[in-house]
Structure formats: C-alpha cells, structure tokens
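Listed features, source TrEMBL:
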TRANSMEM  A:7-27  transmembrane segment
TRANSMEM  A:47-65  transmembrane segment
TRANSMEM  A:72-90  transmembrane segment
TRANSMEM  A:96-117  transmembrane segment
TRANSMEM  A:124-142  transmembrane segment
TRANSMEM  A:154-184  transmembrane segment
TRANSMEM  A:212-234  transmembrane segment
TRANSMEM  A:246-265  transmembrane segment
TRANSMEM  A:272-292  transmembrane segment
TRANSMEM  A:298-317  transmembrane segment
Amino acid sequence: MTRLSGIFLRPQVAALVAVLLMNWLLFPDFFDLTWRDGRLFGSLIDVLNRGAPVAILAIGMTAVIATKGVDLSVGAVMAIAAAVAATLVVGGQPAIVAVTAALAAGLLCGLWNGVLVTYLDMQPIVATLVLMVAGRGLAQLITEGSIVTFSDPVLIYIGTGAFLGLPMPVVIALALLLLTTLLVRRTALGLMIEAVGVNKGAARLVGIPARLLLIGAYAFAGFCAAIAGIIVAGDIRGADANNAGLWLELDAILAVVIGGTSLLGGRFSIPLSVLGAVIIQAMNTGILISGLPPEFNLMVKAGIIILILILQSPLAAEAFARRMPKRKTAPRERTMP
Amino acid sequence: MAQAQGAQAAAPPLLQARQIGKIFGQHHALDGVDFEARAGEVHALLGENGAGKSTLIKILTGALQPDAGEVLVEGQPVHLRDPQQAQGLGIGTVYQEVNLLTNRSVAENLFLGRQPTRFGLVRKGVIERQARQILAAYGLEIDVRAELGSYSVAIQQIVAIARAVELSGKVLVLDEPTASLDRVEVDKLFDVVRALKARGLAIVFITHFLDQVFALADRVTVLRNGRLVGTKTLAGLSQTEVVRMMLGKDLSFAHAIGGGPDAETGPAVVTFDGIGRAGKVHPFTLTLHEGEVVGVAGLLGSGRTEMARLMFGVDLADSGMVRMGGRVFALRSPAQAVAAGFGFCPEDRKLDGIFADLSVRENIIIALQARLGWFRMLTTEEQVDIAGRFADALDIRAAHHDMAVKLLSGGNQQKVILARWLATDPRVLILDEPTRGIDVGAHAEIVRTINRLREDGLALLVISSELDEVVAYSNRIVVMRERQMVAELRGEQIDPATIVQAIAGQAAPDQTPEETP
Amino acid sequence: MSILHKTALAGGLAVLLCSSALAQGLSGKVVGFSQIGSESGWRAAETSVTKAEAERLGIDLKFADAQQKQENQIKAIRGFIAQGVDAILVAPVVATGWEEVLTEAKEASIPVVLLDRGIEAPEDLYLTSVASDQVKEGRVAGEWLVGAVGDKECKVVELQGTVGSSPAINRKQGFEEGIAGAANVSIIRSQTGDFTRSKGKEVMEGFIKAEGGGAGICAVYSHNDDMAVGAIQAIKDAGLKPGTDILVVSIDAVPDIFAAMVAGEANATVELTPNMAGPAFAALDAYLNGGTVPEKFIITESKLYTPADDPQGEYDRRKGLGY
C-alpha cells in the first residue's frame, strides 16, 4: 500500500492544509468543535457537510473523466432526482418509494448519457450538454415551476440528520467513497476503466468490454447525482428545480481536476477527487466567514484555484522533486537511462 | 535512361530533388533520395508504408523542410517554406481526402482565396462563368452553383485537380487520388490526368495499386525504408520486377533460419471456414496447426490486415464460421476471441496496441486480467510475478516495470505487447507487422521469438511486408491480392521469387488455396 | 394540477384583485401577453393571476411564453401586431433591444404596457410600465425592523440576492435607507445567497458560526423569501428559535414564508405582488375607453405582512397561484 502512504505527500493535501489555515487566520474559532444534541458542530463539520454533495458528484465524475469523458448533466440530474423525490412524498408516497424512484431516475439519466456517448458515438461534452439543458426543464416540468416543499422525516433526515455524530450527507459521502474505492481498487474495474480512458481501441482489442464500462461510468455518475439531489432537497426540505445543483457540475469537474485526474482520461483517484471537493468547499466557507463583500467571492475563489492548479502542475512537481532529492514513491517520472 | 518525350530531354526537369535527407528524432525517414518530374510525364512514386513516400511529397510541396539535399524548380534551387510558396512556383497538390469546402459552391471552391473582385465585392457572375469554362476543359458539365458536397468524390477530386492546376500549372502531385473511387471513376480521372500530361504538366502519382501505375505512368520511382531503390521507365518492366523492388533488396538470400517450411506441424487448432466480409475481404478458408507459422504476404491494401481483424473479431465477418476443437461459432468480439485463446498484435502499435500512460506491468497483465474478468483481480504480487516472468523471457529492457510504457523504445513496446498475449497462454497468435518500425537488433529478437513460440506449440499467423523475414519463419505462406487469398505456398514453393510472382498476380502457383465448401 | 389551480383561483382571487374593479370596459377586447417564462414561482403566479384577471374582465388574452428568449418575445409581439390585438402586455426579459418592435406596435397604434421590469427605450414607445419599487420594498422592511426592535441594540445579518442584479442592489439600498435613522440597528455581515434556499441556508450557517453561535445576531434581513426559508432552517439547526432569538424579515410574500409565520418562525415580509396585470388593465381601460393617458410609471403597492395579517389565510390563498 505505497499509494496510501504517498497520499500525504500530495500537493492536494498541502493545498487543503493551506486553505484551512487561512480560514483559521480569518476566524480563530474555525477548528472549534462542540457536541450538542448527539452530534458534532463546528465550521469544520460545515465544510464537510456543505462539501458532501459536490464530493458525491465528484466520485461519479471521476469515473466518467477517467474514461476520457465528462458529464455536464449531473447538476440537472440532481434537480430531476430532487423533483422526483419531493413530488412523490408530497403526493403521499412513502419515503422509500420516493428515494428509490429518484435514484432510478438518476440511473436512467446516466444510462441515457452513456448510450449517446457509446452507441451514437457523440462527444461526451455534447451528449451530456443535451441533458444539462433539457434536464432542468424536465425537473421544472415535474415541480411545475415552483419549489415543492415537503415535511417527510426520512428525506429531511437524509439531508439534515446525524449518524454517529456526523451529518448524514457526510456519512453518505464517506460510505460512497469507501465502497467505490474498494470496488475499483479491490477488483480490476479501476485498471479496466483506466485502460479504456487511455486507449479505448486497444482496450477493446485486449478483450475489455469497453462499451459496457463506458455506459456503466455514466450510469454511475447519474446515480451519484441522484444521491446528491436527494441530499440537497432534504437539506432545504424542498425541491427547487431552478436552483438545485445549478453549476455544481463545474464544481465537480474542478474537484476531479484538483484531485489530479487528467481530463484526457486514464489514471484516476477517487479519494483525491473527494479531497478536491473538500478544498473547494473549505474555500467557499472561508469566503463566507471572512466578511469580505460578496463582490469579491468569485475573484478570490478563482485566484486560489489557479494557485492550486499551478502548484500541482508538472512544472511545479519537477521543481518540487529537485528540492527533495529522494522520493521513493515517484517512479513514474523517471525515464530510461 | 530513356525519356518519355525526347524533345524535352535537354530542358531541366520541372521539379527535382537531390540527395534529400530527413530525420525524425533518431529515425532516418529519408536518406539521400533523388527524384525528378519532367514536363509531359506521369511519374509514379511507390513504396510500402514507412518507405518515405509521404515525407518526400511533403518536402516537394513545401509542407516539410529537408535536413539535407535540395529542391530545384526548373533547374533553379529553391527553399520551399510552405505549400503556398510551392503553389506560387507552380507545384499543386491534391490529396486523397479532398480538402476543399464541401458546403460552398463548386465555383467558389475553384476560386477560393483569389476571387475576382470589383470594389471589394466578389463578382459572382464572373466566377461562375469562368468556372464553367475551366471545368468544361476537364469534361465536366455540372452546375457550378451547387454545393461541392452534393457531388461524388470523383467529381470533387477533379474539381480539386482543376483548382490545383489553375493555381499552379506546372507540377501536379496526386497523393493516392484513387483510394476511394470505383473503376469507372478511376477511368474518368485517368482521362483527366492524360489530358493534363498532354498539356505538358509534370504529374507525380502516388498510389499502391500496381495496375494503375502500369496503366497511367511513364516512369516509376520506388522507395524502401527511406532510401531510393531506383527509378525505372515502365515500358518493358514487369509487375514482378516492381514488386521485387518494393519488397526485397535481393532475392538470393538464405532459406529459412528456423525449422522452416519442413518442420513437423501438429494437429489443427482452428479453422477459419469461409470467413469474409463484403467490401473488405473475400471469403477465405484457413486452418492453423499447433507448432506452425503461417505467413501472410501481400502489398499494402491487399486485405491482409482486414483478414487479421476478421480472424480476431475486431470487424464482424458476414460469412463463414470458426471451427475449433469440435465447436463451431461466429466471432462477435475480441473478448470472445481472447476467451477462445487467441491473441492479436495489431499493425498500428501506438493506436491499437499500447496503453501509453499505463505501466509496463499493467500493459503486460491487461489481457490476462480482461480474460479473468473484472471481479477476479490479479494481486500486485501476481502482477509483478507475471510481468517479471514474461519481461525476462522476451528480454524487455525497462528500468522497472512501474514506469509508463510510453517511455520504452518501439522494439521494447512491441515485446510488451507480445508478452501481454503470452501471459494469457494463448493457442493462436496473430501478429500484424510485428517488426515494423523497430530497430535491427529488436527485429532479430522478434523473429527468434516467433520461432521459439512455434517450437512451443503455438499456432501463429504472421503478416509482414518483409519477404525475407516471412520466408525465414513460415511453414506455409498465404498470399493476398486485391482482398482475396490468391495462393497458398508450401514446401519448395516458399521462395521469394514465387511469392513476388503471386503478389504481382502473374504466374499462377501450382497450389491454389483451400476451396470454400 | 393546472385545473386544480384554476378552481382555486376562482375562489381566491376575488379578494386579492379587487383593486381593478373599475375595469369594466375591456370586455371583448383582445390583449396579447408576452411572458418571460416560468423561471420562478413568482413568475408562475404572475402568469396565473394575469390569466385569471383577464378572464374576470372578459378579456380575450393571447398568452405567449418566451422561454427566457428576447427573440421569442419579439416574435410574439410581431404576431400580436399582425393579429391586430387591442393592446399588448410585455414582461421584458432584458432591458435593451426593444426600439424596433415597439416602434412597429406604435405605428399600428397598439398600446404597449410593460410589466414588472423596465427597459432602455424612448418613453413614447410604450403607454406605461407597471412595476414594484424595489428600493421601497427594502425600505419598508427596514422601517418595520426599526419599529419592531424599539430602542434595543440590533445587529443585522443580510442575505443578498445575486451579486449585481438590480433587486439585490435596490433592496439593499432601500433597507439601508430604512434603518438609517436608527443608530441602534446596524448591518454587521452581508453575503450573497444567490436568491436560493440552499445558499441562504449555507450562508446563514456561516453567519451563525462567525457570530459566536448566533448570540450576536438580532435579525436576518433576506432579499427574498426563499433565502429566508433556508436561513430559518439554519437557525433551527443551530439550536436557536427563528422569529424569537433571531428576527426574520424578507421580501416577496411567497406562500412558504406565510407557513413559517404560522409556525412563528418568520416575522415580516414585504409583498412583491404578482398582480401587475390589474393596474395594467385599469390603465388600458382608462386609455382605450376614455382617452386618459396614464402615468408613465405605475408603482405597485409594497404591502407589509406580519403574523398579525392572517398568515394561514394568506398561505391558503397564495398556494393556488402556482408559486
């Protein structure tokens, strides 16, 4: 498990620590945790809780990007899943039916994307753009343009409840992270996905079911988006078709990129993508508590992201490697003598 | 050297290249190549893939600059910076893929970039009238206002030629212009080329269809491995001689290094029974035996790669069946072929073979892993063991097996792909051009490996343009020509001269291929 | 559901729309209405109120949904002109680019009334514009808060709308004007919640953490009700009582804020009425039947609602409007 020990040396970890320290400087109580009503409270928990939807999206997005694709529709799929779940519970269905239906809707959306990309050979960015635009319309159709407010305790628990002292969204995101990482790294799925991302034609020639994997990746991304959609709806006790998940696909892609997975496909790391999502949220929370006028929000965010991306660029990695003469865990950069 | 038109023998060639050299990295793409095109001749340029044809053409048309030698236009040395400049000097090029704007009218395409204008306005009426006149000279009477894309490729090709001739007017380079045309269209195109020749243009014609060369060209220049093999007048030359120039430096080399054609072969492993696909390969029947190498000879475009793709389920056959160990089935996917114990090293290693960003180890175990399925993952220890074993067996030289495979040399990459298939313990191995583009040392190793695998009892099918190589390791050789299996040679027939004849389609060999039942 | 809405409207609207009881003379007239789309609950309510209002007055309303595109609106207006309608209502999606098509309407002598948003065009191109005064909305909210807290020290956190949008700018300005006279009321934190419920909740969470668990916050002022609903949840999650520990004042008067008032969790909201059509039809009636040219800018009422104003009744009335 050299990978695990190597993870602490990654630039992403350094970036997270830097952002957290900055938050601490802005707000000295940042790391304070208190225990109340059987759960933890504190800014740090807020970061994890608010970052959970994007982290969940990023888990699915990592699979898609590893296959050399991208899924722009996850934000809209969140809205669809939220709309389905909310409309069903408001219509008197039990929560289990609503949640199952919402997850199925997400899966279906993902399958649709996968079929467009795989069988119709559309470019991923175009194929998923279709659902990005149409999906939100579909969600609005389901909610008839209004915010569907509900009071179903199960859905609300998914969005705002706590388990073992942690907010449910965080628990769900952690569980998904663990399961997915085990699934791709304890089986050959991860290697096969990387093979498809690096060279789809060659993957087919060695007998990897490339099309099935591609469809699977998009379906999984849709499924993850549905989970995020249910969480967001539960959080505000309502499905807001206009705003649920709006632009979150971009945050998810950014999280994956910060996590070091190339948009050209191939090597991927789901834990690092989740770390990317946490970095983004830590930044958002930092801006919120900084007291800076909101006009600066986007500028500050853009500046920090550029800094992070520069830090983990190959150029910076080289400079870093030169300063640290011996590193056991970086054999891939070495070339043949 | 005889000239097609004696009167112009004294005048310098319209286009001439002297001692051209071009190096990409460490690879000599061209080395000391001479070439000339005279007014009123069609000069064919021939060579297998990687011979240096396209590099030479790019240098002659300004798309590349030579590292050595010089280009002369009408006897004057010139420095061609880009295709526009070459055009200005009279050298026009038409590529296989028509690179005009298919969504604009024929007339606009003819005058693109040089429309006659008045007060800055394009004079539509004028260009349409002129376009009609120009095309009439090429025997085309079409509506010049219609979109170019609404016409057939052949007509688009002629429009492209007309445009190139109007722009340049001295030398016309045709880069595989007939690849996507049918017979009638080819004839029409040839009429146009002959008319241009009569107008005194020099025409450089690149193709790999031999009969077209003989039908149209006056002289032929053959390149092999970046070197000039020779320039000959076609009159009095046989197809066999041209094929020999393309494939082998000399036909008197030693026979068979390994067990060769006389080695004992074991029982049949698999029979491809009447496998074929319309438009790709005519149905063929071929049985592979244990401990046997079947060589496949044929020129580029003869259907040899297409045949291999059908045998591995990459393309789906629309006729025939695979018989293997009492089972009869149709191959539907490479995954099925892998499960049946086949392995396939594709022709284009970069495009279809290696996973550039994955490690050497992963590249070696990937096919075995795919065969085991996603759930049963090879542990890291197993991977290290397997990669180590096969890397040693094939002498793959890599600093370590966790490095990206893209950092290895071409020869080592090819060995990685071989190792990948050997790791699956295959019964049948299909190798398409396993020695292309790799250095001499690795070349010999791969040939040795092929021999050893045969001794180990594998059934191998090896496609190669290197005649001496095929002769050296094959027990049997099948010859492909025009998408058909035209000959199957055994024993004494395995001889470069016989193969060349079969490729050229001249003397019919005694033994015809197995009949389709 | 839309049929359900209509039946609810029949009952609910009579009270809400009595302001336009004058408009008798529009019966049988044909009026074209180019609506932006249905991007928010308020917009949907405006559409249904306009349709109900037209039905009540016997107007033949031609409705066109532009789906957020100006080109669709221009097409619709041209269509209305070609049909020879008696008047046109437009809720313009953007402020610029209207001169040409409005000139065509003017040449055809068809009066045009703008609803809820202004445009940048010569004023003679339209009859009048009916809109709310966003600054006033903010001011009403601010004045309410000043009155509600009396002499007590009150630190306010503000949830702004989308940065740079005109309601965010104007409602901020209005509120600041409203509290300008009271030295004891001050805004201590202000962040954008993008007009959405989830961002409202997230930002409020941050405010509470940054202000010592919410102890230092006396009130939250939200530029719309949706963000306020999110903020209320954040306050509850932090173990505080919204409406008591932290006062909640916002703008729009959508049904869910009345539900919160019923629960004692919201204190005041300023109405942005969806009934822009009522004053518009009244002006058209006066113009078409009496030749009276109305004022150029008709400002709708910015009515304040508090728990004293029958929130349950307001909730029920509004729920059917498509919010």
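Yeah, the Cβs are placed from backbone N, Cα and C, and that goes for glycine too.
Automatic, uncurated: that is what TrEMBL annotation is.
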Of A:124-142, A:154-184, A:212-234, A:272-292, whichever stretch has the most CB pairs under 8 A to the transmembrane segment (A:7-27): A:272-292
Maximum Cβ pairs under 8 Å to the transmembrane segment (A:124-142) - stretch from the list A:47-65, A:96-117, A:246-265: A:96-117
Cβ-based contact of the transmembrane segment (A:246-265) with the transmembrane segment (A:298-317), 3 or more pairs under 8 Å: yes
Recorded stretch that, among A:47-65, A:72-90, A:212-234, A:272-292, A:298-317, has the most CB pairs under 8 Å to the transmembrane segment (A:154-184): A:47-65
Sequence-remote partners of the transmembrane segment (A:72-90) [C-beta within less than 8 Å, at least six residues beyond its ends]: 53, 57, 60-61, 97-99, 101-103, 105-106, 109-110, 113, 125, 128-136, 138-140, 142-143, 148-150, 152, 155, 221-222, 224-230, 232-233, 238-242, 244-250, 252
